[in-house]
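Written out below as structure tokens is the structure these notes cover.
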Amino acid sequence: MTMTLHTKASGMALLHQIQGNELEPLNRPQLKIPLERPLGEVYLDSSKPAVYNYPEGAAYEFNAAAAANAQVYGQTGLPYGPGSEAAAFGSNGLGGFPPLNSVSPSPLMLLHPPPQLSPFLQPHGQQVPYYLENEPSGYTVREAGPPAFYRPNSDNRRQGGRERLASTNDKGSMAMESAKETRYCAVCNDYASGYHYGVWSCEGCKAFFKRSIQGHNDYMCPATNQCTIDKNRRKSCQACRLRKCYEVGMMKGGIRKDRRGGRMLKHKRQRDDGEGRGEVGSAGDMRAANLWPSPLMIKRSKKNSLALSLTADQMVSALLDAEPPILYSEYDPTRPFSEASMMGLLTNLADRELVHMINWAKRVPGFVDLTLHDQVHLLECAWLEILMIGLVWRSMEHPGKLLFAPNLLLDRNQGKCVEGMVEIFDMLLATSSRFRMMNLQGEEFVCLKSIILLNSGVYTFLSSTLKSLEEKDHIHRVLDKITDTLIHLMAKAGLTLQQQHQRLAQLLLILSHIRHMSNKGMEHLYSMKCKNVVPLYDLLLEMLDAHRLHAPTSRGGASVEETDQSHLATAGSTSSHSLQKYYITGEAEGFPATV
């Protein structure tokens with residue numbers, strides 16, 4: 001009995017000693033495992049061994065299979081407040097630790113299974129918002145990572161930041177390298193699928209241009225032929241899209257020689273055609289049709305016009321063949337110049353040129369598709385501009401002089417004999433110098449002259465009927481065709497896209513200067529008529545009166561409509577009938593057939 005009591009006392013003392021030794025580590029600060037990775041990476045994979053250090057300094061190596069059988073403490077979450085050690089380790093035994101002489105084959109883990117995470121560490125169950133990250137290659141959208149965790153180790157935090165920065169830089173450099181290899185469509189700026197018809201273009205623009213060059217190109221812009229063509233609005237206006245295709249350099253023969261053939265490309269072409277057919281009835285075309293009134297979307301009875309089916313080379317050939325012959329003046333070198341003699345020479349030459357101008361206009365592609373009234377109207381508005389651009393073109397090879405005819409070459413001093421003629425001479429010489437500096441070609445000259453004819457009176461039609469609107473639409477389409485021919489000539493000459501745009505703008509700006517010269521010349525000629533300096537010939541006189549009729553300004557306080565009505569009652573009808581007479585007599589005299 002005594003032995004038994006002694007044994008119990010010794011056992012209790014030994015037990016208290018063991019408790020003191022084992023509970024000593026509990027007085028140290030609580031160990032927290034830093035989480036350097038998202039929670040999804042904290043749980044161990046069965047193939048990766050791990051090593052954990054415990055307060056006693058012992059190291060245990062185990063894998064996830066052993067960890068699955070390990071005893072887990074603190075099922076309600078890790079305590080983060082002072083005085084919570086007892087709650088963390090429970091009340092069974094000595095803080096939940098097994099005896100020292102019976103080490104468990106499974107190591108201890110201070111980890112939580114996924115269902116038991118604390119609320120503030122619970123990962124989001126939905127998509128994390130996106131944020132912008134500033135990289136050297138620009139602002140890019142990236143998916144936000146998991147929420148930030150408490151990291152007591154500042155070195156580990158800096159190391160993690162350096163790793164993320166290095167990863168971001170690598171991604172940014174890869175994005176920049178891939179961006180350098182990306183090519184965009186020259187028409188709509190979408191991603192290019194290849195080199196089609198001479199330029200880098202997408203599949204949609206390639207299919208659209210393919211359909212257009214096969215004859216389906218009778219498009220009409222519902223606005224001002226200046227629609228924006230980009231990825232989102234390329235289907236809204238087919239006319240402006242086709243124009244931009246030509247502007248960027250697309251051409252029928254612009255196919256790469258290293259292009260492969262075979263079944264793969266045949267299947268690809270079929271897919272392109274299917275996509276192209278889907279574009280015809282797109283919502284963008286329906287919106288464009290509904291936005292504009294029906295008079296602008298009239299049925300095109302002239303859509304089968306021969307002029308609209310000509311290629312660029314055929315258009316140039318037709319315009320060159322239509323050029324009038326060179327006429328000689330009645331100049332007598334033995335007679336000195338006077339105001340009356342010089343004006344007589346010039347007006348006689350202009351009157352004879354007008355007869356040939358009528359024949360030339362009838363051979364301009366698309367001109368004879370208009371009504372006779374509209375043909376006369378365009379000629380009445382543009383005749384002096386056409387004469388002046390021809391004079392400037394002939395004078396290119398004679399700096400400082402104007403070649404009115406092969407036997408009539410005048411300089412500025414000779415023009416002083418006519419009052420008010422020097423100012424007009426100076427403007428003509430300046431325009432000729434500009435043509436010479438630009439090295440204007442004959443093909444470009446005939447295109448510019450045709451543009452003057454068709455564009456001069458298109459906005460001054462006296463009627464606004466449906467027929468008149470149809471005529472205007474036809475004129476605009478022929479003008480677009482001639483403009484495309486100009487661009488084709490520049491591309492054929494080897495000019496870059498930027499040089500083509502610059503040259504086209506410079507040429508069209510010269511036309512406004514020629515219009516200004518024509519107005520000055522018309523005023524001077526009318527003043528000569530009022531002074532009775534020289535008798536004017538019938539056709540020239542009627543052309544002058546017709547131009548005064550179509551002038552937009554009113555005289556003597558009368559309105560424009562009243563002025564037009566008074567002229568129509570007097571000279572207007574006579575002028576039109578007289579000019580129509582020259583049409584009939586010109587055909588009877590055997591002029592060449594029209595286009």
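Every residue gets a Cβ built from N, Cα and C, even glycine.
Each residue in the DNA-binding region (185-250) gets a DSSP state, and the totals come to 21 helix, 7 strand, 38 coil. Sequence annotations record features per position, and here Swiss-Prot assigns DNA-binding region to 185-250 based on sequence analysis.
According to Swiss-Prot, the S-palmitoyl cysteine annotation covers Cys447. Taking the Cβ of Cys447 (S-palmitoyl cysteine) as reference, residues of its chain lying under 8 Å away and at least six apart in sequence are, in sequence order, Val316, Leu319, Ile482, Thr485, Leu486, Leu489.
Look at Swiss-Prot and you will find Ser104 (among others) tagged as phosphoserine.
Annotation comment: Swiss-Prot describes Ser106 (among others) as phosphoserine, evidence class experimental evidence.
The phosphoserine annotation in Swiss-Prot covers Ser118 (among others).
Feature annotation from Swiss-Prot assigns phosphoserine to Ser167 (among others); the stated evidence is experimental evidence.
The asymmetric dimethylarginine annotation in Swiss-Prot covers Arg260.
Marked as phosphotyrosine by Swiss-Prot: Tyr537.
Look at Swiss-Prot and you will find 1-184 tagged as region 'Modulating (transactivation AF-1)', backed by experimental evidence.
Annotation comment: Swiss-Prot describes 35-174 as region 'Interaction with DDX5', evidence class experimental evidence.
Per Swiss-Prot, the feature region 'Required for interaction with NCOA1' maps to 35-47; the stated evidence is experimental evidence.
Swiss-Prot lists 147-174 (among others) with the feature region 'Disordered'.
Taken from Swiss-Prot, the feature region 'Mediates interaction with DNTTIP2' applies to 185-310. When pLDDT values are averaged over the region 'Mediates interaction with DNTTIP2' (185-310), the model yields 69.
Per Swiss-Prot, the feature region 'Hinge' maps to 251-310.
The annotation region 'Disordered' is assigned in Swiss-Prot to 259-282 (among others).
Sequence annotations record features per position, and here Swiss-Prot assigns region 'Interaction with AKAP13' to 262-595 based on experimental evidence.
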